[in-house]
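Asks: Below is the structure I would like to discuss, written out as structure tokens.
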Amino acid sequence: MSSTFAGVLFIGSLIIVLGLTHRPLGDYMYRVYTSAKHNVVERFIYRLLGVQPDSEQRWSVYARSVLAFSLISVLFLYGLQRLQDKLFLSLGMAPVTDHTAWNTAISFVTNTNWQSYSGESTMGHLVQMSGLAVQNFVSAAVGMAIAIALVRGFARSKTEGLGNFWVDLVRGSIRILLPIAFVGAIVLVAGGLIQNFAGAHELTTLTGSPQAITGGPVASQEVIKELGNNGGGFYNTNSAHPFENATTWTNWFQIFLIFLIPFALPRTFGRMVGQVKQGYAILAVMVTLAVVSVVLLNVFELAGNATVPQAVGAAMEGKDVRFGVSNSATFAAATTLTSTGAVNSFHDSFTPLGGMMTMFNMMLGEVAPGGAGAGLYGMLVLAVITVFIAGLMVGRTPEYLGKKIGAREMKLASMYFLVTPTLVLLGTALAMGSPVQRASMLNSGPHGLSEVLYAFTSASNNNGSAFGGITVNTTWWDVATGLAMVFGRFLPIIFVLALAGSLVKQAPVPASAGTLPTHRPQFVGMVVGVTIIVVALTFLPALALGPLAEGIH
Amino acid sequence: MSTPVLEAPGRTPATEKKIGGGLLDPKQLVRSLPDAFKKLNPATLWHNPVMLIVEAGALFTTVLAIVDPSFFAWATVIWLWLTVVFANLAEAVAEGRGKAQAATLRAAKRDTNARRLKGWKPGADASQWDTVGAPELRQGDFVVVEAGEIIPGDGDVVEGIASVDESAITGESAPVIRESGGDRSAVTGGTKVLSDQIVVQITQKPGESFIDRMIALVEGANRQKTPNEIALNILLAALTIIFLITTATMQPLAIFSKANNPGIPDSLALTGDGVTGIVLVSLLVCLIPTTIGALLSAIGIAGMDRLVQRNVLAMSGRAVEAAGDVSTLLLDKTGTITLGNRQASEFVPVQGVTAEQLATTAQLASLADETPEGRSIVVYAKQAYGLREREPGELAHAEWVNFTAQTRMSGVNLDGRQVRKGAATAVMRWVRENGGHPTDDVGATVDAISGSGGTPLVVGEIADGTARVLGVIHLKDVVKQGMRERFDEMRRMGIRTVMITGDNPLTARAIADEAGVDDFLAEATPEDKLALIKKEQEGGRLVAMTGDGTNDAPALAQADVGVAMNTGTSAAKEAGNMVDLDSNPTKLIEIVEIGKQLLITRGALTTFSIANDIAKYFAIIPAMFAAVYPGLDALNIMRLASPQSAILSAVIFNALVIIALIPLALRGVRYRPSSASKLLSRNLYVYGLGGIIVPFVGIKIIDLLIQFLPGMS
């Protein structure tokens, strides 16, 4: 089997299976978020938290709840890391340093899972399981809750209530993430991943030197790492480690988990707004961008257009022989198209243009299909901006799903859109402008620049993957990327909720022949075009001095 | 009903669909230049953040060029300044057209003296007055105006009737009748009484006359940004911020890249200190949406102006924008949909009578009937049967019987023969009283005509002692030509048309079906109208309507677009947000189209502006960085001659495109009523795809021309 054919088979089977799960999972999530009933466990949790599950929250209350929950999570996670040596199951690990603990706490709460530490040699089992793994669930559930709140903004009219954050959070975790994770973990164990509480085993390697191999509850961590688009690995080498990603089959299954929820959410959206067609349109935008990206990344990597790959016959540097070029490229696309950031190969070693694609995927705002929830709300904001320009061109005040896009909506959508490019470019400029931070770079020239650009792109977009090549566990990098993650997560969330709050008050405008249809290929093409062009225009100078300078000869 | 009989819209839907706005005279550009330079004042430019940034950049590069002069630097500086000047020019030209109209209006606003009545009560003799200047008049004052005098202020006629020359404001030279009471009582200050004497009660506050407001409107003096303009400005501001960040953060990256390639000599674009200031500003100016930023306010002003050219005054830009969003049009039947009067459309003879016989008799009976219905019978007889129109005087011994409310019929007694036409019951009773027996088919025909919404008039005669019915004249409302096509067009645009009429539901339905409106409101009272508007608005629809009477005022105020007829009452004009000086209710349709065109022009130029950036990047990025990374020269797909000429070409293109698009901004983009989908496709191809391709061609051509200038290689 040629590697191209293997790649096509790999990608094709993924598309088919995701196509099959889109509808039932989307419908299931629709029922989860619209059902009036609370189950026993949920009622217990609400009583514990003192929450009135049937009370509606306006956008500001919803946003405050999100921020309060996230703040408490950060403090808890920070404390857990700093005190891990005083607690049990620490495997004798020292307390995590202050800046690393801050960075890690932020990183897991913001669904980024940027890791400036090496997992198996820094965090004990307690931190991994009760700290990081819990955040892997709830940070994804937060993202989904925000998306659902925005969808309610479109679906409801003349009211203020966007739902109840605590209910959305709990249901997302218990009814959606937990059951899928449970089944997924079993599949992964069956596929060869480990699941135990073992500490480090001392082994003697072939070269005779000793090596410590740490065991742990890997499969259960792994499944939510992918399913919740988290990406924080149990091991430093993440999904390239054989205990985290054993075979081509588990590799396939992990990509499937990465895409599972983000690709099903448009269906939930379509059901909630009562127009399934609108959901398909959003899905079509996501699929178009994703397919183009996956194909391009595969082409760039298989062509191996760089000096070393040309010499050895394939771009295998930084890729695991278990997976090969295509499966690594597809995984890299999947992890950056979503906010996952798990890696099974080293993006730093990709061909310059292949590496650029992973960056470009994130620069799109991770909307194709994006992180759990975050992808949908990001895409809907892009649709709003597209509708504004397109709507003017049909001679009406622009409207999307019957809601008018006026000055306030545009202000919020624009501010949403400004956040991440500002963080990425500002962070990169600061790092490149400071001689001290430039010293953290292990590479010089355009490749070094790409590494810095990648780091801030990943942190600001809450991806969490790293190009590598920079010593990031310094105080400056921990603080800078930490700030990028906080602002990159919560500012957009506030703007999205405010947007939802503004939309939900409006009375819907009935559609007519004069209304811009937003379910046709025409509109899908326009959203794709606006997304690519605006992102390209924003980042082209930076990309030109990084990957393009390196990749075009 | 005071709405005058109006001609059907002169344009047929198939031919002239384009809404034009007059051509741009090149002289206008030159005339507006001084204004354009005045607008360079940052305090004035403050309202346009995009151009303010360009001006700041131009100022900064001027300093740089003075410190380190070169041909390239000065050429760029000049073109950056020109960019701002061109933007100001667009606005100045748009305003200039309004100024010309305002000047004409000011001429009408001569200071006149008024004869203010002292202690006058309605009915009293208007003989006691003192002469005061028009500005001294207060609301509630009574003034007397005679033939040859100028009416000193806006008001209502409270006594008398006069013909008034309103050409000063409407441009229409035919005089109009203004009389006390009713819906034709409003007079406008500055218009001239041609005959008779009227007493006018002043309704305006000093300095707030209709003409004052018109002047302010056409001059755009207190022009406020409309909601949609504000939203678009926010998007443009966001894009500007993004590109500011993009260019500003590029600098450390550029310094790093330069430092990493030691041995490469400094160029005009890139030195050890990064990208030079002039090039950085050039890139910024090329990227931020200057095209739409420059033309945005001109588009708004021109939109209002297009309405003014059609003799419609919008009291706010908001109303014009709302017109584009309208989804329900309420149209008065009379004058808008139908010609206004019932007209003969068919002669139905009874058995044994030929149509010609009936036509001759009907014509004879109607000769002395000066009502529009009577005239229409004569006209129809001539058109359909070739009967020569006879003057009543031609017939000797004719004894004319005029219509009275009691007899409800009219006719003539001629040489022993009596001829009558009139209401069916009246004529049939007259025939029976004279011993005749109307046949059954008369009743059937009468019922059929009534059933179809028409009005039957029965024609009878007594000849040789025998009374009989000859047949029935079918009178009906004649729908104006081309209305069905207009309404079909509206439907394609997603606009629902509702006909408002005082007729009974049966008649209303018949006319509604014939005209092709979507719905009708029969036996409509002002309250019904208001309720209908509220109901439509409840459902999220925007409603437009026309009205003239005082009882239309609440509905006009409630409607999103309320067009008051200039012939109407002051109350109606006060309540609406537009006034049609021609008092042509059909114009509502054009108003909607102008509103749409305004929004489309904004969207199209925004798309064009953003799409332009792609080509500019392909020009400037290789110009900046190909020296350090030769591979980037592959991006120079236009094969521009040198970095300097590439950057300068992009800047020049960016400035020239503003001038090139001024006519489009003033005229508005071509608008054809069609579905949203088709409109979008067309505009995407023209302004989206065109916006990507045009600058590639334009920049290349400029580069071919300027590459031979000194300092370009």
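A Cβ is built for glycine as well, from the same backbone N, Cα and C atoms used for every other residue.
No curator has checked TrEMBL annotations; they are predicted automatically.
Among the features that TrEMBL reports, transmembrane segment is placed at B:45-66, B:72-90, B:230-255, B:275-301, B:614-632, B:644-664, B:684-709. If you look up TrEMBL, you'll see B:127-219 marked as domain 'P-type ATPase A'. Annotated active site, 4-aspartylphosphate intermediate per TrEMBL: B:ASP332, in sequence order. The ATP binding site feature in TrEMBL is assigned to B:ASP369, B:GLU373, B:PHE403, B:THR404, B:ALA405, B:GLN406, B:THR407, B:ARG408, B:MET409, B:SER410, B:LYS421. Summarising the annotation, TrEMBL assigns Mg(2+) binding site to B:ASP548, B:ASP552.
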Asks: Counting Cβ pairs under 8 Å that sit 6 or more residues apart, are there three or more between the transmembrane segment (B:684-709) and the transmembrane segment (B:614-632)?
Replies: yes
Asks: Out of B:ASP369, B:ASP548, which of these binding-site residues shows the lowest number of other CB atoms within 10 Å of its CB?
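Replies: Sparsest of the binding-site residues B:ASP369, B:ASP548 by Cβ contacts within 10 Å: B:ASP369.
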Asks: Across all the protein chains here, work out how many other Cβ atoms are within 10 Å of the Cβ of B:LYS421 (ATP binding site).
Replies: 30
Asks: Are there residues at least 6 beyond the ends of the transmembrane segment (B:275-301) whose Cβ is under 8 Å from a Cβ of it, and what are they?
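Replies: The answer is 47-51, 53-54, 57-58, 60-61, 64-65, 72-73, 76-77, 80, 83, 86-87, 90-91, 93-95, 98, 220, 223, 225-226, 229, 232-233, 236, 239-240, 243-244, 246-247, 250-251, 254, 268-269, 317, 598, 601-602, 605-606, 608-610, 612-613, 616-617, 620, 623-624, 647-648, 650-651, 654, 657-658, 661-662, 665-666, 668.
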Asks: CB neighbours of B:MET409 (ATP binding site) within 10 A?
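Replies: So the number of other Cβ atoms within 10 Å of B:MET409 (ATP binding site) is 24.
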Asks: Residues of the same chain, at least six outside the transmembrane segment (B:72-90), with any C-beta under 8 angstroms of its C-beta?
Replies: 29, 32-33, 35-37, 39-40, 45, 48, 51, 54-55, 57-58, 61-62, 64-65, 268, 278, 281-282, 285, 290, 293-295, 297-298, 644, 647-648, 651-652, 654-656, 658-659, 662, 665, 709, 711-712
Asks: For the transmembrane segment (B:230-255), find every same-chain residue at least 6 residues outside the stretch whose CB is under 8 Å from a CB in it, and list them.
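Replies: Distant contacts of the transmembrane segment (B:230-255): 49-50, 53, 270, 272-275, 280, 283-284, 287-289, 292-293, 296, 602, 606, 610, 624-625.
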Asks: Can you tell me which parts of the same chain pack against the transmembrane segment (B:45-66), counting only residues 6+ beyond its ends and a CB-CB cutoff under 8 A?
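Replies: Same-chain residues near the transmembrane segment (B:45-66) but 6 or more away: 39, 73-74, 76-77, 80-81, 83-84, 87-88, 233, 236-237, 240, 244, 276-278, 281-282, 284-285, 288-290, 293-294, 296-297.
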Asks: By CA-CA distance, flag whichever of B:ASP332, B:ASP548, B:ASP552 among the recorded positions is nearest to B:MET409 (ATP binding site).
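Replies: Looking at Cα distances from B:MET409 (ATP binding site), the smallest one goes to B:ASP332.
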Asks: Run through the Cβ atoms and count how many others sit within 10 Å of the one on B:PHE403 (ATP binding site).
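Replies: For B:PHE403 (ATP binding site), the 10 Å Cβ neighbour count is 19.
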Asks: Can you check how the pLDDT averages out over the domain 'P-type ATPase A' (B:127-219)?
Replies: 82
Asks: Return the residues near B:ASP552 (Mg(2+) binding site), defined as same-chain residues 6+ apart in sequence whose C-beta is under 8 angstroms from its C-beta, sorted by sequence, else 'none'.
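Replies: Looking at Cβ-Cβ distances below 8 Å from B:ASP552 (Mg(2+) binding site), excluding near sequence neighbours, one finds B:PRO526, B:LYS529, B:ALA564, B:GLY568, B:ALA572, B:ALA575.
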Asks: Taking the residues B:ASP369, B:GLU373, B:PHE403, B:THR404, B:ALA405, B:GLN406, B:THR407, B:ARG408, B:MET409, B:SER410, B:LYS421 listed for ATP, what is the greatest CA to CA distance in Å, to the nearest whole number?
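Replies: Max span of the ATP binding residues, Cα based, is 18 Å.
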Asks: In the domain 'P-type ATPase A' (B:127-219), how many residues does DSSP put in helix, strand and coil?
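Replies: Across the domain 'P-type ATPase A' (B:127-219), DSSP assigns the residues as follows: 20 helix, 35 strand, 38 coil.
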Asks: Let me know the most crowded of the recorded positions, choosing from B:ASP332, B:ALA405, B:THR407 and counting other Cβ atoms within 10 Å.
Replies: B:ASP332
Asks: Quick one: Cα separation, B:ASP548 (Mg(2+) binding site) versus B:ASP369 (ATP binding site), in Å?
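Replies: Between the Cα atoms of B:ASP548 (Mg(2+) binding site) and B:ASP369 (ATP binding site), the distance comes to 29 Å.
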Asks: Between B:LYS421 (ATP binding site) and the residue listed as 'active site, 4-aspartylphosphate intermediate', how many Å separate their Cα atoms?
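Replies: The separation of the Cα atoms works out to 30 Å.
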Asks: Provide, as an integer number of angstrom, the distance between the C-alpha atoms of B:ASP369 (ATP binding site) and the residue listed as 'active site, 4-aspartylphosphate intermediate'.
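Replies: Here the two Cα atoms are 27 Å apart.
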Asks: Return only the integer: C-alpha distance in Å from B:THR407 (ATP binding site) to B:ASP332 (active site, 4-aspartylphosphate intermediate).
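Replies: B:THR407 (ATP binding site) to B:ASP332 (active site, 4-aspartylphosphate intermediate), Cα-Cα distance: 32 Å.
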